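For reference, Swiss-Prot has these:
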SIGNAL    1-21  signal peptide
TOPO_DOM  22-956  topological domain 'Lumenal'
DISULFID  CYS225-CYS235  disulfide bond
DISULFID  CYS337-CYS364  disulfide bond
CARBOHYD  ASN812  N-linked glycosylation site
CARBOHYD  ASN815  N-linked glycosylation site
CARBOHYD  ASN907  N-linked glycosylation site
TRANSMEM  957-977  transmembrane segment
Amino acid sequence: MAADLCWLSLLLASLALSGAVYEDQVGKFDWRQEYVGRIKFASLESGLGAKKLIAVTDKNIIAALNSRTGDLLWRHVDKDTSEGTVDALMMIGQDAITVSGGRLLRSWETNIGALNWEAALEPGSFQAVSFAGSQDTARYVAVLKNSALSLYFLSNGHLKWSESLPESDTVQYQLLYSPYKGSVHVVGLVPHSHLTILTFSLEDGSISHQVRVLTPWLRTLHGTCGVIGEGVLVCGDVPMASVHIVSLLSGEETTRYSVQSLDIELAEDPTQLDVITAPQNGIGGSLSQFFLQIAPRRFLLMHYHDGVLTPLRDFSQVSLVNFATTGEKTVVAVMQCKTEGNPKSGAESEYLTGQNCAQEPWYCPGHTYSINLYMADSGRRLLETTMSFTLDQICVRPDSFYLQTFLRKDDSVGYRALVQTEDNQLLFLQQPGKLIWLREESLADVVTMETVDLPLTGAQAELEGEFGKKADGLIGMVLKRLSSQLILLQSWSAHLWKMFCDARKPRSQIRNEINVDTLARDDFNLQKMMVMVTASGKLFGIESSSGSILWKFYLHGVHPGSSFKLLVQRTTAHFPHPPQCTLLVKDKVTEKSAMYVFNPIFGKLSQLAPPPLQRPILQSLLLPIMDNDYAKVLLLLDDQHKVIAFPATKYVLQQLQELHSTIFFYLVDVEKGKLSGLRLNKDLSTEEIWEVLLPADQQRITVVKGKRSNEHVHSQGRVMGDRSVLYKYLNPNLLVLVTESTDTHPERCFIGIYLIDGVTGRIIHSSVQRRARGPVQIIHSENWVVYQYWNSKARRNELTVLELYEGTEQYNSTNFSSLDRPLLPHVLQQSYIFPSAIRAMQATITERGITSRHILIGLPSGAILSLPKALLDPRRPEIPNEYTREENLIPYTPDIQIHAERFINYNQTISRMRGIYTAPSGLESTCLVVAYGLDLYQTRVYPSKQFDVLKDDYDYILISSVLIGLVFATMITKRLAQVKLLNRAWR
């Protein structure tokens with residue numbers, strides 16, 4: 001009995017110590033979307049009941065997706081460097097074999113994503129990997145490096161043998177083939193000279209056969225050559241317009257087949273001769289058929305057997321081709337542009353502005369494609385296998401596709417298709433073209449974002465229209481008020497009726513679909529439109545409360561690595577003028593700039609044409625002045641230091657001429673280590689007025705950061721313990737310049753922090769952190785700067801905070817001018833030890849700036865830590881006194897601890913977090929937070945708790961019951977008191 005009581009007490013104690021998020025709070029005002037990135041390799045389970053899809057992406061991820069729903073089953077994220085790059089994927093049964101960074105060979109159990117085994121590879125550049133075995137059974141994994149061939153056991157990953165390759169300094173070994181007959185073949189190439197074919201024995205790794213074949217016409221094996229049949233190497237030769245075939249088993253001289261001799265109609269000589277072969281299957285056999293690509297959109301299905309090369313079928317207007325096997329049947333899939341019908345018009349015509357892809361050779365009018373299956377051995381088309389689908393974006397083409405084939409009961413071939421488009425969209429289709437699910441994988445690489453308030457409803461707009469129009473007169477305003485109230489009453493009645501109807505339905509049947517037509521601002525402005533720009537050049541409009549994608553738009557021709565800048569020129573506050581956003585794109589390859597103006601609510605290009613940008617843009621500046629349509633003026637500075645204004649109306653140009661002396665730019669030249677300031681002239685030219693030069697051979701500029709334009713400062717000073725006021729140095733023109741040393745040695749590296757006035761070029765403050773290195777994460781807000789760096793001496797991460805004050809007397813309380821500041825501010829500085837690396841940092845922001853500030857820190861683990869700014873206060877005393885206690889200053893301790901209860905995303909971690917975006921809401925207590933990386937996460941934070949709204953668990957029934965009870969008690973007590981007074985009077 002005593003033992004039972006002891007166990008019960010321990011159980012109760014453990015329950016008391018456990019903590020979690022309440023069940024009704026999970027997903028109530030937050031959501032997370034997980035992505036994997038652009039697919040490099042994919043394998044779909046075959047069979048009618050297959051449910052799994054294995055994918056390897058460019059984000060160094062191996063993942064499994066549910067082929068029925070598109071949901072993520074499991075995901076493994078490797079290093080975000082070249083060491084984590086997945087070079088190859090092979091499937092055998094329920095196991096996946098991958099090569100990572102050319103260093104690690106791994107085996108995965110695909111049902112649960114568990115790691116079966118891992119083996120370290122021999123040094124050298126990775127070339128190829130293949131299964132190997134004997135008697136048509138795979139038992140080993142062969143890995144080819146540029147100078148060695150290694151063989152590993154498939155069951156446990158142990159090394160069986162590793163052999164060096166002869167003449168590896170001159171021969172480029174690139175191809176690996178195993179016939180599953182106790183040997184493995186390695187093919188090396190000396191460009192424009194000869195092929196070297198080596199045959200290794202699987203038992204001891206000895207070279208059983210070596211032959212050299214002259215190939216003076218061959219430059220590379222990749223894309224040009226492939227293995228078919230029983231060890232037959234097929235290569236294309238463009239200059240000679242022929243196909244060369246050599247046997248890897250016998251090593252005989254090449255046999256040349258001219259394309260002209262294959263009875264193929266050619267208008268001109270082929271522009272390319274690429275060989276596309278089917279992947280080697282799990283029992284060692286290879287198909288005798290292959291595709292020969294003779295033009296960008298023309299493919300030939302070829303068959304080779306017993307020295308005879310035969311064309312089976314000629315395909316034109318082809319986008320993509322692929323092979324698939326189910327049972328004993330092997331088919332080829334051909335994707336072609338479906339030319340029937342007219343190109344799309346209507347709503348899509350609004351997107352055509354700035355899109356010039358109609359002249360591209362791959363352009364498909366109507367954006368409709370069809371997939372057809374053909375028997376690989378004969379080229380015969382299979383009936384009832386056509387699948388048609390239409391892409392929702394113009395100037396987008398399919399990039400790759402994979403098949404999931406199965407045999408029906410009547411022994412016919414059925415299939416589903418996974419299509420990946422140029423804009424990183426995944427579509428999973430089934431016959432005859434039904435879309436099962438869709439994933440937008442470009443959201444795994446968000447580079448910038450902004451939020452826009454949702455528009456008012458018709459009733460709200462009608463109510464807003466009452467104010468500011470006195471010309472209607474008293475009677476007119478009263479009638480307008482009555483009509484607007486009737487509209488509100490009508491909408492309220494419709495809302496009550498919908499609630500009544502939904503209450504009678506099961507919860508599964510209640511639909512709260514969100515689309516652009518039903519979007520409306522909520523009472524507290526918590527629901528916003530998130531405009532996201534991805535690295536692939538695709539824009540998204542996402543509703544913040546649910547994460548639903550309402551619109552998307554792809555910018556064709558944007559090269560990887562291009563820079564983007566998103567600006568909100570007009571919000572929804574200026575009804576009936578629509579909101580307006582401007583996206584600036586600077587191409588990394590051509591260095592040309594482009595500008596797109598669009599409506600962020602509907603995702604349509606604006607009717608206002610942006611100015612043509614003939615020169616590269618160096619800097620942009622969004623001014624607070626507006627044109628007649630309430631759009632903020634955007635100034636663009638090109639490489640000739642000329643300024644372009646948008647919109648360039650007469651009213652705007654007049655304002656610029658009046659205010660030109662108060663408009664300044666700054667430019668950063670990283671190569672020269674130069675920060676310069678320019679002033680605008682009346683003729684929209686600029687002149688340089690100051691510059692700061694840093695020794696570029698010793699340090700390089702890494703970050704230049706100003707303050708957020710939408711930031712509000714509620715208090716201009718801090719009340720100290722002696723009741724005096726310490727006034728903040730609130731310079732809106734202040735820039736923070738961060739430099740890192742070019743010397744990376746731990747004893748000599750350093751980082752520099754410079755606070756520079758962007759108008760005068762005056763250095764307000766500078767400091768150097770010795771034995772420190774980046775990357776530096778920084779926040780610049782109000783009168784303080786917080787930055788993080790790595791201390792090489794102490795080998796730890798540190799946070800440093802700077803706060804700037806004018807002193808106990810304010811120089812000018814009504815207007816700040818950088819030209820009239822004779823005294824430098826007082827700078828307070830303090831450093832802290834932080835126990836983790838930091839991937840992203842941002843400060844909370846609210847509508848009026850009254851709420852306490854918190855620092856949101858993204859950790860490598862994917863958690864987001866909400867750290868009160870009070871902990872990063874340089875005035876924290878080491879020894880508290882009565883004045884510091886009066887100010888509630890926390891005593892100084894050098895380390896900042898990470899408490900799990902400060903994580904705002906509990907278990908909803910964000911992989912590879914790149915940025916945190918914060919936006920104010922209509923409630924002063926609430927800040928909206930969006931974290932992006934591989935995943936997207938949106939939530940709300942309350943730095944000072946919810947002081948301006950009732951909590952969700954507020955007990956309305958209890959309070960109402962108490963109030964009603966008090967009212968009745970008051971009435972009864974009053975009646976009893978009257979009776980008592982009457983009885984007393986009669987006495």
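Placed from the backbone N, Cα and C atoms, the Cβ positions cover glycine too.
Closest in space to CYS337 (disulfide bond), of the recorded positions given as CYS225, ASN812, ASN815, ASN907, is CYS225, taking the CA atom of each residue. Here ASN907 (N-linked glycosylation site) is compared against the recorded positions CYS225, CYS235, CYS364, ASN812, ASN815, and the shortest C-alpha distance is to CYS364. Long-range neighbours of the transmembrane segment (957-977) within the same chain, counting only residues 6 or more positions beyond its ends whose Cβ lies under 8 Å from a Cβ of the stretch, are absent. Around the Cβ of CYS235 (disulfide bond), the same chain contributes THR215, LEU218, LEU221, THR224, CYS225, VAL243, HIS244, ILE245, VAL246, THR254, VAL275, each under 8 angstroms and 6 or more positions distant in sequence. Scoring each of the disulfide-bonded residues (CYS337, CYS364) by how many neighbouring Cβ atoms lie within 10 Å, the top position goes to CYS364. Mean model confidence of the topological domain 'Lumenal' (22-956) amounts to 88 (pLDDT, 0 to 100 scale). Between the alpha carbons (Cα) of ASN812 (N-linked glycosylation site) and CYS364 (disulfide bond) lies a span of roughly 64 Å. Of all the glycosylation sites listed here (ASN812, ASN815, ASN907), the one with the fewest other CB atoms within 10 A of its own CB is ASN815.
In this structure, ASN907 (N-linked glycosylation site) belongs to neither helix nor strand by DSSP; it is coil. Annotated pair CYS364 (disulfide bond) and ASN815 (N-linked glycosylation site), C-alpha to C-alpha distance, rounded: 59 Å. All protein chains shown were included, and the count of other CB atoms within 10 Å of the CB of CYS225 (disulfide bond) stands at 23.
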